[in-house]
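See below for the structure under consideration.
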Amino acid sequence: MTNIRKTHPIMKIINHTFIDLPAPSNFSAWWNFGSLLGICLILQIMTGLFLAMHYTADTTSAFSSVTHICRDVNYGWMIRYMHANGASMFFICLFIHIGRGMYYGSYLLLETWNIGIILLFTTMATAFMGYVLPWGQMSFWGATVITNLLSAIPYIGTDLVQWIWGGFSVDKATLTRFFAFHFILPFMITALAMVHLLFLHETGSNNPTGINSDSDKIPFHPYYTMKDIMGFMMMFMTLLTLVLFSPDMLGDPDNYTPANPLNTPPHIKPEWYFLFAYAILRSIPNKLGGVLALVLSILILITLPMTHTAKQRSMMFRPMSQCMFWILVANLITLTWIGGQPVEPPFILIGQLASLSYFTIILIMMPLINLLENKLMKW
């Protein structure tokens, strides 16, 4: 009798995706993060569902309902902090996953890469709307500042902002629609992730060497399932340590003050995972210019396949490109730090220099160094 996993219509899909999938034999630990993102997504949907059971999307009771979850619901505090810090883990995995793609030239799988960029935008939108829901000071003012950026769009800007707000300021209508979108978007992310996997399995995975690995494949299960479980355990330990010992480490104390439209916090800033883009936004004195730079700081990922001038796919054997890559990582860490600092000297200048070097490294330095390496290797 033929094995059911190879004949049953649904089991067959699961089998070809997670069990009998031919995978390169030389995956490093950097290839763990795709599956970790899947686990993060499941965790966020589950904890989010339980939070939604007790949450009230109304300006008068949203803050109280979150307090009620933390005080009165059984393990409500844990569900809430798992969800909040789970988002941080999600973005850590996301940034490493993208960094891995940049380092090893995975962006040459065009469809997979482009769906990934759409996934990144959708995840950022979901996280932003989730941050508004507790209706604390930073929720309210973050929503006001970020949505207000759309008013920089010529001609339709002001109307667009008021249409998104559902009124003349961030209010009950805004909170209700943000809750609705925050609930539906993770399911869209799940669907997009499936398309992401579909396109990946059309071409097969890249590997650390960047060389075609058709001649040397191993089944995904048990080799990489075991390797992934190791990754899950490490991630869960990190997440639980964060949740149980310092759940508010990555949050903002201002969000424990109920939203007050009459009192502006001294420093309005988003969650840590948006700070690099926020720093780029603030480094340009012009409003429209800042908004464009903000969008381009993510959209720039689309240009990577076009600016890939190297003869080798991976950076594994290209020390100069490796050096440039780690300078880019250091640059992003600097931008993240600047995004959390007040707008005053010397932070303004550091932010402007870091923003300029971010775009320069990706658009100019990387392609030039690739060409130089080609020359040095006589290719």
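Heads up, the Cβ atoms here are built off N, Cα and C, so glycines get one too.
The transmembrane segment annotation in Swiss-Prot covers 33-53, 77-98, 113-133, 178-198, 226-246, 288-308, 320-340, 347-367, and the record cites similarity to another entry as its basis. Residues or ranges marked as heme b b562 binding site by Swiss-Prot on the basis of similarity to another entry: H83, H182. Summarising the annotation, Swiss-Prot assigns heme b b566 binding site to H97, H196 and lists similarity to another entry as the type of evidence. Among the features that Swiss-Prot reports, ubiquinone binding site is placed at H201.
Residues 69, 79-80, 82-83, 86-87, 89-90, 93-94, 96-97, 100, 182-183, 186-187, 189-190, 193, 228, 231-232, 235 of the same chain sit 6 or more residues outside the transmembrane segment (33-53) yet have a Cβ under 8 Å from a Cβ within it. Contacts between the transmembrane segment (288-308) and the transmembrane segment (113-133): present, as 3 or more C-beta pairs lie under 8 angstroms, all at sequence separation of six or more. The largest share of C-beta pairs under 8 angstroms with the transmembrane segment (113-133) comes from 178-198, of the ranges 77-98, 178-198, 226-246, 320-340, 347-367. Counting Cβ pairs closer than 8 Å and at least 6 residues apart in sequence, the transmembrane segment (226-246) and the transmembrane segment (77-98) reach three or more and so form a contact.
H182 (heme b b562 binding site) is 29 Å away from the residue listed as 'ubiquinone binding site' when you measure Cα to Cα. In this structure, the C-alpha atom of H182 (heme b b562 binding site) lies 21 angstrom from that of H196 (heme b b566 binding site). A separation of roughly 20 Å, to the nearest angstrom, links the Cα atoms of H97 (heme b b566 binding site) and H83 (heme b b562 binding site). There are 21 other Cβ atoms within 10 Å of the Cβ belonging to H83 (heme b b562 binding site). Within 10 Å of the C-beta atom of the residue listed as 'ubiquinone binding site' sit 14 other C-beta atoms, taking all shown protein chains into account.
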